[in-house]
Amino acid sequence: MASSSAVLALRSASDWWDEVNNSSMWQDRIFHALSLLFGLISVVALIQLARIECRVPEFGWTTQKVFHFLNFLVNGVRSLVFVFRRGIQKINPVILQHILLDLPGLAFFTTYALLVLFWAEIYYQARSVSTDGLRPSFYTINAVVYVIQISLWLVLWWRPIQAMIILSKLFFAGVSFFAALGFLLYGGRLFLMLKRFPVESKGRLKKLQEVGYVTTICFLCFLLRCIMICFNAFDKGADLDVLDHPILNFIYYLFVEILPSALVLFILRKLPPKRGITQYHPIH
């Protein structure tokens, strides 16, 4: 009897899932909800950028300012993509659809890689190790990632076969995996280094918690992205690039971009002091 009830419940859930996925009304509602959430995060990032600029205008484009500007840009573009998702799905050639859906994900990688760079600089400076090579490495890694992805898009445009689509998605999954490792490596190192110092002040404890929380959130976010994209590459039922998987899209973007971005922006909401900022690094 219990087994029959479980089977009926599963069938009912499956019917509901299929009904929502195949409903144009629910597709539009879910994609517009995603657009609204991305738009809110974009506005929050812009407000925080303006607050930081008002507090320390003399420092130019610091890592913190660039981080918030990229958050504003990435989430703003995501919001527009989901507003016009139905129209984007009709764009030809199909490669343009892939670019519009995947490019914000690459920019998301660059945005959060800035945190890895920032923490790596703090870690090596604290150990009196030269940080001269970190920024060139950051720019080189990002350039290589974008060049490879653009090359894959061009090949996909020239020969749009399933194998190339899978390869493009697997490359993106690999980028996400190495981003997760970057957070684990440098966020973990910085956390352990801070933990070794006596926590004699509330500010030091907050910094320790900040690094720990952001490291955990970003590591899990990029690891989950990697796993989901691998499923997306090989399982048609997990395809995120189609209109009739709105629930899967909502779950995916909620957990790999929206929630992580909202939590990180909340954790890093503290404004820098007006003067004597030694941990601030302009982007040259």
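Backbone N, Cα and C define each Cβ position, glycine as well.
Annotated domain 'THH1/TOM1/TOM3' per TrEMBL: 13-284, in sequence order.
Under the heading transmembrane segment, TrEMBL lists 30-54 (among others).
For the transmembrane segment (66-85), same-chain residues at least 6 beyond its ends with a Cβ under 8 Å from one of its own Cβ atoms are 31-32, 34-36, 38-39, 41-43, 45-46, 48-49, 52, 100-101, 103-104, 107-108, 110-111, 114-115, 118, 243, 253, 257, 261, 265, 268, 283. Among the features that TrEMBL reports, transmembrane segment is placed at 66-85 (among others).
As annotated by TrEMBL, transmembrane segment applies to 105-124 (among others).
For 136-158 (among others), the entry in TrEMBL reads transmembrane segment.
What TrEMBL lists as transmembrane segment is 170-192 (among others).
What TrEMBL lists as transmembrane segment is 213-234 (among others). Sequence-distant contacts of the transmembrane segment (213-234), counting only residues of its own chain at least 6 positions beyond either end whose CB sits under 8 Å from a CB of the stretch, comprise 105, 112, 115, 165-166, 169-170, 172-174, 176-177, 179-180, 183-184, 187-188, 190-191, 240-241, 252, 255-257, 260, 263-264, 267-268.
Within the chain carrying the transmembrane segment (250-268), a Cβ under 8 angstroms from the stretch's Cβ atoms is held by residues 30, 33-34, 37-38, 41, 44-45, 48, 64, 67-68, 71, 75, 78, 108, 112, 115, 210, 213-214, 217-218, 220-222, 224-225, 228, 240, all 6 or more beyond its ends. Positions annotated as transmembrane segment by TrEMBL: 250-268 (among others).
Same-chain residues lying 6+ beyond the ends of the transmembrane segment (170-192) with a Cβ under 8 Å from its Cβ atoms: 102, 105-106, 109, 112-113, 115-116, 119-120, 122-123, 145, 148-149, 152, 208, 211-212, 214-215, 218-223, 225-227, 229-230, 233.
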